[in-house]
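Working notes, beginning with the structure itself.
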């Protein structure tokens, strides 16, 4: 087989020798050669390849006493070895056989159809298993049907978005090569749909509101943007549905991720935007559409808000993040659409639920209870989600009450102040690389522009109209720029979707032997792990010392270990 060879050694013993030394159970070619050569007598080794085993016959000059021993080693080539008897090293010729299986099993843990049944049937047919690497062993041990807990995500990942693997952790998937595309396609890709579909709403508002009628904008722009939004929504939804079908475990891990779970609101919010941005009148749409779109949001509300309320490992003070605004803003978008469709009680219900939880979330995020660590620059765009919720809330209340009254103005002024407080900090949003997080700019800016246009229709003057036009231009330019940059990185540089290590953590903290085996097989210098462990207390220092001792142990020559270093196999 490709993974192991059964080698039968037949050695002849003379009158002056009791027996030929047995080769060590190791893949070392030098040890095998030394064991065959013995004291330098004339021997000839013939390697007869076969599908099931390779027989190596040693023929001395005298009658032989047969001694056989099975030696198993992994991933070694078939050898032809000849000794000349003069003590020189033999000439080796290696032919590397092709593996019987060319499929990569390292990603089976995340596949819906992982091939476990196929491996069991292969075992029954007598086909030996494929070669297992360190990543395969970790993946097989992790595939027990359970997703990592919230505490495990916090322990294994770092950063406010929990998207960076800690140096002391071992991923269940290879980090130094590109994963399949579906595994790298995250749920937060629906942020693109939020940005583009909100633009369809904006241009419909500019064409229909009295405050912007002087611009003479027609609904043709709204038609184009709406169809672009539908195509983009269909494309992203189709790709993610394929991920659900073929990599369901990866989707399940995203749903259990304390931060990623908020983005499961995004597809339904984008659908609400598409309905709200329809070129035709919204009140002509059947009410069943609203109930169908709000049902998933209601179920997600029950889960997320219940976790915030009940405490535990997913309590709000622990998982609070700017992306939690997505779990709140869906209620206000639903209330806005429902009010435009002529509904009453349902929109008021969702508005009340969203308002209570937004106040709690706003206070929690302002106090920064979860962490005092400053957000890295790559994640600064998520700050603009602070603007989205009060902007949509002001529009929803204006539609529910029939006018842009004091309640709507209070929410709008809060959003306007947050917008200005972020806009004046220009240096905060410069000098960082592009990522999907940039789409967090688009939806809040567009929501603020739409709210300003509604406010300008209630309070009509040059200042309000100028503000509405200015914010609309800024939002449109931002969406256009981010969309163009996304296309460039997706199709030209092809680095839009890096490996999503946040879903590749182990369910339990890996023990030290697994970490060493992972480092040995991946070729990573173990000193990097030593330097990455902060010695803040005695326990951390002890861990660093133990790593250093293990590093010294790895540096021992295989010749100084019994059986030629077989302990590493």
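Residue numbers in this text run from 1 along the chain shown.
Backbone N, Cα and C atoms are what each Cβ position is placed from, and that goes for glycine too.
Curation plays no part in TrEMBL annotations; they are all automatic predictions.
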Which listed span TrEMBL calls transmembrane segment, if the choices are 199-218, 259-278, 499-518: 259-278
Given ranges 163-182, 303-322, 323-342, the stretch to which TrEMBL attaches the annotation transmembrane segment: 323-342
From 137-158, 379-400, the residue range that TrEMBL assigns the feature transmembrane segment: 379-400
Candidate ranges 108-131, 468-491 [criterion: TrEMBL lists as transmembrane segment]: 468-491
Two-stretch contact, the transmembrane segment (259-278) and the transmembrane segment (323-342), at least three Cβ pairs under 8 Å: yes
Region pair the transmembrane segment (323-342) / the transmembrane segment (379-400), three or more CB pairs under 8 Å: yes
Folded-back contacts onto the transmembrane segment (468-491), same chain, C-beta under 8 angstroms, at least six residues removed: 192, 195-196, 198-199, 202, 206, 211-212, 215, 434, 436, 438-439, 441-442, 445-446, 448-449, 452-453, 455-456, 497
